[in-house]
Ligand code: ADP
């Protein structure tokens with residue numbers, strides 16, 4: 001199996017690139033942000049619980065996120081591989097993911113990390129906020145909070161994969177297609 005962690009700060013382009021990766025490599029998408037937004041729109045208990053964290057740009061507690069991903073992995077049958085998008089966002093989540101994949105006898109192949117500087121992130125998210133309808137895209141304070149949560153809580157996840165020799169940084173600034181080409185070069189080197 002080909003199991004990819006697509007990593008990067010909010011606004012780095014993970015959603016855009018994951019669509020292209022999925023169609024090229026036939027991977028199963030697990031985006032925790034999308035899963036939470038689906039719960040929110042359906043008004044489930046999980047959605048209600050997650051909303052207060054998401055609206056402020058804070059992380060949903062690990063046990064909630066891990067439980068949701070566990071269900072998703074377990075209900076998925078035989079697939080070519082998974083792409084994890086927006087997950088893991090803490091070292092505890094990364095450890096849990098390794099264990100979940102161990103139970104399917106398949107490891108993470110590599111982490112592709114999109115790198116974009118803060119000012120560009122802020123501009124992109126504010127632009128997206130004009131029509132995304134996402135509460136967390138609407139104010140500069142919330143956006144800045146997401147960027148600092150990323151630095152404090154999520155960046156250590158990159159170290160986790162560096163220690164496993166599975167870290168592949170990519171410049172996330174440029175045309176969508178040229179970034180995608182660079183991503184594919186890395187992914188092809190995993191196989
Ligand atoms: P972005 O990368 O643009 O910030 P996402 O769609 O990945 O947005 O996530 C939106 C929000 O959902 C996060 O700010 C957080 O509140 C919650 N969330 C998503 N994934 C996770 C996760 N793995 N751990 C904790 N919270 C998460």
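Along the chain as shown, the residues are counted starting at 1.
In case you wondered, yes, glycine gets a Cβ from its N, Cα and C as well.
Note: TrEMBL annotation is automatic and uncurated.
What TrEMBL records for 11, 12, 13, 14, 15, 16, 128, 174 is ATP binding site. Sequence-distant contacts of residue 12 (ATP binding site), defined as residues of its own chain at least six apart whose C-beta falls under 8 angstroms from its C-beta, comprise 114, 115, 116, 121, 172.
Counting only same-chain residues at least 6 apart in sequence, those with a Cβ under 8 Å from the Cβ of residue 134 (AMP binding site) are 37, 128. Residues annotated as AMP binding site in TrEMBL: 32, 37, 58, 59, 60, 86, 87, 88, 89, 93, 134, 146.
The region 'NMP' annotation in TrEMBL covers 31-60. Within the chain, the region 'NMP' (31-60) has long-range Cβ neighbours (under 8 A, six or more residues past its boundaries) at 10, 14-15, 18, 68-69, 72, 85-87, 89-90, 134-136, 142-143, 145-146, 149, 153.
Spatially close to residue 89 (AMP binding site) yet at least six residues away along the chain are 32, 59, 65, 153, 154, 157, judged by Cβ distances under 8 angstroms. Taken residue by residue with DSSP, residue 32 (AMP binding site) is part of a helix.
Set side by side, the binding-site residues 16, 32 differ in how many other CB atoms lie within 10 angstroms of their CB, and the most is found at 32. Spanning the residues 32, 37, 58, 59, 60, 86, 87, 88, 89, 93, 134, 146 that the record associates with binding AMP, the maximal Cα-Cα distance equals 24 Å.
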